[in-house]
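As recorded in TrEMBL, the features of this protein are as follows:
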REGION    1-39  region 'Disordered'
COMPBIAS  1-18  compositional bias 'Basic and acidic residues'
COMPBIAS  20-39  compositional bias 'Polar residues'
ACT_SITE  His70  active site
ACT_SITE  Asn142  active site
BINDING   Tyr352  heme binding site
Amino acid sequence: MTDSQADKILDKGQRPKGEGNTTRASGQPIASENTSVTVGQQGPVVLDDLQLISKLAHFNRERVPERNPHAKGHGAFGELHITEDVSGYTKAKLFQPGTVTPMMGRFSTVAGEKGSPDTWRDVHGFALRFFTEDGNYDIVGNNTPVFFIRDAIKFPDFIHSQKRMGQNGLRDADIQWDFWTRNPETTHQVAYLMTDRGTPKTTRHQDGFGSHTFQWVNAEGDAFWVKYHFKTRQGWDTFTDAEAEEMAGKNADYHREDLFNAIEDGDFPVWDVKVQIMPVAEAEDYRFNPFDLTKVWSQKDYPLIPVGYFVLNRNPRNFFAQIEQVALDPGNIVPGVGLSPDRMLQARAFAYADAQRHRIGPNYHQLPVNQPVNQVNTYEHEGPMQYFFNDPEDPVYSPNRHAKGGGYLDGDVNVREETHLADDVYQGAKTHGQDLVRAPYVKHSEDDDYVQAQNLYNDVLNDEEREHMAANIAGAMEGVSAETEERVYAYWGKVSEKLEKRVRELFAK
Ligand code: HEM
């Protein structure tokens, strides 16, 4: 990837610089942005003032719901550079030596609302998107290596306890501590939060972590468990509690402003990308459960391995289009990386896209900042605000007669009859339970796809009903291609040769 590819991501969606007359959103020139149309000089405004109506109506729809957690955030764009060779651990294209991948990052607080102060004591989100040749890869982490809980079923309760009371809408120390103290697994994360790292000085002066255990898979198919560390080259710097409180009053957007200004000034922040790698075979007996998000892996046991660095060297062109509408999602994984038996991670792989369908709309992938840089081949289509559509020759379903096999990706692999490892998600979990599979229904002694249709045709229907059925089939075949016509005969031939023969006769008429 070249520099210009990073710029192209920022360019997407930007209109040319405004010139000439203002227009309505549908392009027509506007007579006035300043004075409404009225009935005579002193009369009321009228529905005929197309621009007034459109302007007010669009204004009423300018907001999308804020993210539930992590509502307050800011972001920037840049590049990931791979300087080391970690191909022994992963085949992911973005991690191959010398690769440069355009990226963006969004940095947030967890509990506060969209306008809340950046410097309130909180864990801070550290979410990265890499625009890779295999699609978007998102690492949606925090500035701490662990989390408060280890089971997703507690997550809504946890967030409720950090946000506001039901009755009076106030934040409340009692509910925070009530939740924490009733859930001892929070201790490690709360200890971290109560250090001065709970009030980082700026976004630039903090480390980031993938936090969960993820999977890397190399070209030979060997799997490893991996944890990501993003080490700030600016050095960790923190506020004291008093400094953070003072800044919250003085400048609620301190972190947002600091990152924006640093990039405007050419003082680009850099983070070194490092990983801890655990061979799959060591997971079972490691002294901590390696998938428990409330625990770190000791760096004495699994030292940091350098991978490369990323630099944030481009500011967004438009906050709403490129930061508010970005849809970062732990479920966005690419070949060579995977999930793990971490239950929090599995829940997150569901929760983000679900939130984004609600927050932005079901076609959020089609917005410029969410579009991958590679070609999208999908059978998902339609829904509000569809922008892209498939080639008219491409089918809208799978499987199909267009040489697309069982789908664009699984080719001709017939996953209906055999059991396959779902190793695109993660592999090697056997020691912690059953491997994930995509498997067919278990067949019982009489199970067969045709037997009950045969019973219906041969034993239940009378001659008249059989004749009607053949005629109905022939009628419904109107318009099929020659290839499909033959498939239909073969299909019914498996039910009854008599039926096939009769359908042929009737369709030929
Ligand atoms: C089961 C646990 C969790 C659930 C259900 C959950 C759910 C969510 C949801 C629904 C959002 C808003 C997404 C959007 O509207 O775009 C969000 C944002 C976020 N979450 Fe979580 N979360 C969980 C745990 C975590 C953990 C463990 C981390 C970090 C290690 C994390 C980091 C973030 C970050 C950084 C964002 C903001 C992403 C952005 O900048 O757009 N979350 N979370």
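Placed from the backbone N, Cα and C atoms, the Cβ positions cover glycine too.
Caution: TrEMBL annotation is automatic and unverified by curators.
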His70 (active site) versus Tyr352 (heme binding site) - Cα distance in angstrom: 12
Residues near Asn142 (active site) in space but at least six apart in sequence (CB under 8 A): Val123, His124, Gly125, Phe126, Gly208, Phe209, Ser211
Per-state residue totals over the region 'Disordered' (1-39) - DSSP helix, strand, coil: 9 helix, 3 strand, 27 coil
Spatial neighbours, same chain, of His70 (active site) - Cβ under 8 Å, 6+ residues apart: Ser108, Thr109, Val110, Gly125, Ala127
Cβ packing number for Tyr352 (heme binding site), 10 Å threshold: 21
